[in-house]
Structures are given as structure tokens and as C-alpha cells.
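Below is one structure, written out as C-alpha cells, with a few remarks after it.
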Ligand code: NAD
Ligand code: MG
């Protein structure tokens with residue numbers, strides 16, 4: 001077993017901290033080369049003191065200056081700032097494994113840098129793949145990067161497939177993927193009641209503790225929409241072969257159906273340290289600090305179909321994937337803008353899908369022929385989404 005040298009993009013977030021918790025348990029297996037964060041320098045400084053990376057990167061030079069001051073007594077840690085520095089540590093020769101855990105489109109460039117450098121890339125940042133789809137997967141194939149899914153559902157699917165057939169489900173005799181969803185905190189809310197829900201209610205997920213943006217995405221079911229697209233790209237399949245099953249207990253993390261009628265499932269406590277440890281140590285299994293599953297105390301599992309009337313985001317995502325080209329990038333950008341407006345108290349919850357649908361209808365779809373096209377569409381869609389938000393803002 002050779003030691004893995006890690007770059008953790010988004011180290012101060014929910015996934016970043018869970019990753020470091022697994023790393024902390026296995027000093028013989030992992031060392032930290034670089035840690036990065038967006039704006040909270042004091043949080044990254046505390047992590048630097050514990051994990052002693054060679055490099056620490058903040059998303060802006062102002063935040064990097066703050067971190068430099070906080071780490072003045074630790075000259076061994078090189079502090080950098082800005083988007084190029086994020087790409088630099090993601091592709092540095094000193095690291096072989098990159099946890100891609102920045103939230104949203106901001107993660108695309110550094111994740112891509114890691115892919116192009118042929119790293120083992122642990123993909124939590126689903127937005128990067130949703131935005132750039134085929135271009136991203138082509139970059140993986142060209143560089144020989146080892147892409148391992150960290151999203152719990154996709155990690156579950158990965159675990160239920162033969163390792164050499166992840167990109168060839170037909171060849172493996174796979175007939176369907178059953179993608180599970182918790183249904184979020186508003187699963188039983190009426191359409192009326194959904195209008196008045198607050199950011200605090202949306203961020204209080206019944207089963208998972210996560211960052212704010214993905215918590216809101218879980219509440220609108222956009223998270224499942226993004227995951228549907230993510231599954232199609234990762235496992236080389238189409239939306240008709242992926243069926244969303246609402247499973248409120250969040251114990252089965254997804255399932256794979258085979259031609260002979262077998263359905264393989266991966267189960268576990270809803271704790272992201274399990275898929276993170278799976279990716280970090282793959283193909284080995286290591287202690288993730290996760291409590292053993294007690295099925296007696298859970299008792300029963302339930303399943304229901306998603307309600308696309310109350311939760312149109314899942315439908316919008318499936319349609320954007322079918323449309324193809326830059327449509328998924330527009331969907332993602334409009335969603336990020338709408339969620340930010342909702343969290344800021346400027347948009348009501350049930351207007352999130354309205355903004356996304358309008359933005360999609362006023363933004364022309366073009367072929368996704370380059371990453372430059374993707375970034376341009378992302379920027380254009382954000383402008384349009386903000387215009388739409390200003391028209392309905394509360
Ligand atoms: P989070 O908000 O808790 O953390 C995000 C991290 O990204 C932080 O370290 C933040 O400093 C950094 N960041 C934010 N904006 C940045 C920018 N512009 N430039 C550089 N860094 C920036 O988010 P999270 O819940 O940890 O989610 C991270 C990613 O993982 C998301 O794509 C999410 O969809 C995915 N994911 C999360 C979970 C979960 O349980 N939290 C599960 C599955 C997938
Ligand atoms: Mg998930």
C-alpha cells in the first residue's frame with residue numbers, strides 16, 4: 001500500500017470536513033498536500049494547523065492575505081490565492097488524489113485541472129459534471145484519470161457494478177438503475193404550503209447534514225435532477241434507464257437491476273464518510289468512523305414515486321439532459337442563482353423552478369463544443385436568471 005497525497009478542494013465545507021475526518025483516522029495511508037477554501041480564512045487556518053499541508057489556497061487574493069497573517073508562525077505552508085492557484089494545486093505533481101468538493105460551477109475549472117493531470121479524482125462536485133457532461137467524460141478518457149463517484153447514490157451504484165463495466169452497463173447485463181431520493185424536508189407539503197417555507201426549514205434536512213446549497217437542492221428535488229444527469233454521464237446510460245425512487249429512510253443509497261431479475265443495493269447509515277472512505281481507499285475498505293447499521297431500529301423501508309407536479313425541478317433537469325448541448329449548463333446556472341436568491345430571502349421557494357424554466361426558455365441552446373462555450377453560457381444564463389428573479393422578487 002503506497003501512501004496517497006491529497007489535495008482537498010473545498011476543505012472547509014461539509015464534504016471537505018468529512019474527508020478530513022476519514023484522513024485523520026489513517027495517518028499511515030494519507031497525507032495532505034493541499035487544502036483550499038472559498039472565503040473563510042480562519043476555518044482553513046485551523047485545518048492547516050492540524051493537517052500541515054504544503055500549500056493552502058483561498059479563492060481570492062484578499063482571503064489569501066488574511067490566511068497569510070493567520071499562518072505567520074507557520075512559514076512551511078505556502079499560501080496562495082485565486083482561481084489559477086486552485087487549478088495549480090489540483091494538478092500539482094506532488095499530489096495523486098484530488099477531492100473535488102467545491103460547491104457549484106466554481107468547482108469546474110479546478111476539477112477539470114485534476115482530471116487533465118490524470119489524478120484519482122473523487123467527484124463530489126456534481127455541478128461540474130452536469131455543466132460539461134460529455135466534454136468532462138472525454139477529458140477523463142483522454143488523460144486516464146481515475147474518476148470515482150462520491151455522491152452517495154452514485155457511489156452506491158458504482159459499488160453494485162462490476163468495476164470494469166462502469167461505463168458499459170449493457171455489457172454487464174444491467175437493465176436499470178434505481179436512484180433513491182429522500183424526498184427532502186417537504187416531501188409531504190402541499191403545493192400551497194411550499195410557497196411559504198423558509199431557508200432555515202429548507203436547510204434542515206431530515207437525514208443528511210450538508211452545505212446550504214445542496215440542502216435547498218434536496219428540498220426542491222433539483223438535487224435528484226442533477227444526480228439523474230450525473231448518473232447518465234458516469235454510467236453511460238440514458239434517463240429512461242434511471243428510475244427515481246423516493247425512499248424516506250435514506251438507508252438504501254441506490255440500486256442496480258440486472259437482466260436476470262437481481263437487484264443489488266448498497267445500504268448504510270446516511271453518513272458521507274462511507275462513500276468518501278470508499279473513494280479514498282478504493283479498492284481497499286477502511287474504517288470510516290461510521291456507526292454500524294442497525295436495521296432492527298429502522299424496522300421498515302418505504303418507497304414512493306416522485307411527485308413532479310409539486311417538485312418540477314426533477315422534470316426540468318431530465319428535459320435539459322434530453323435537450324442536450326448547453327441546456328444542462330443553463331439549468332445549473334439558473335438553479336445556482338435562484339437558490340442564492342432564496343437563501344438571501346429574495347425569492348420564494350416555489351419560484352425556484354419558475355426562474356429555472358424561464359431562464360431555460362430565454363437562453364438559446366448551442367452545441368457544447370468547448371469548455372469556453374460552457375463558461376460563456378453559464379455567465380449568460382446567470383444574467384438572465386437575475387433578470388427573471390428581479391421580476392418576481394419578494
Ligand atoms: P459546502 O457549502 O459545505 O462547502 C463548499 C466548499 O467549497 C467550502 O469549502 C467553500 O469554502 C468552498 N467554496 C465555495 N465557493 C467557492 C469558490 N467560489 N471558490 C473556491 N471554493 C469555494 O458544500 P458541501 O455540502 O460540502 O458540497 C460540496 C459539493 O459536494 C457540492 O457540489 C455538493 O453538491 C456535493 N455533495 C455534497 C454532499 C453533502 O453531504 N454535503 C453530498 C453529495 C454531494
Ligand atoms: Mg446524493
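Any Cβ shown, glycine's included, is placed from N, Cα and C.
TrEMBL annotations: computationally assigned, not manually curated.
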Worksheet item: Which of these, 84, 88, 94, 227, does TrEMBL list as part of the Mn(2+) site with 151, 153?
Response: 227
Discussion item. 12, 13, 14, 15, 125, 127, 211 show up in TrEMBL as binding NADPH; which entry in 38, 118, 144, 225 does that record put in the same site?
Written reply: 38
Item to complete: Could you look at 189, 205 and say which one TrEMBL places alongside 126, 152, 153, 182, 218, 223, 224, 227 in the 1-deoxy-D-xylulose 5-phosphate site?
Response: 205
Worksheet item: For residue 126 (1-deoxy-D-xylulose 5-phosphate binding site) and residue 151 (Mn(2+) binding site), what Cα-Cα distance in Å is obtained after rounding to a whole number?
Response: 8
Fill in: Annotated binding-site residues 125, 126, 151, 153, 205, 211, filtered by Cβ under 6 Å to ligand 2
151, 153
Worksheet, complete the sentence: So residue 15 (NADPH binding site), by the Cβ count within 10 Å over all chains shown, scores 28
Practice prompt. Please list, in sequence order, those binding-site residues from 12, 13, 38, 211, 223, 227 with the Cβ less than 6 Å from ligand 1.
Written response: 12, 13, 38, 211
Item to complete: Let me know the model's mean pLDDT on the domain '1-deoxy-D-xylulose 5-phosphate reductoisomerase N-terminal' (6-133).
Response: 98
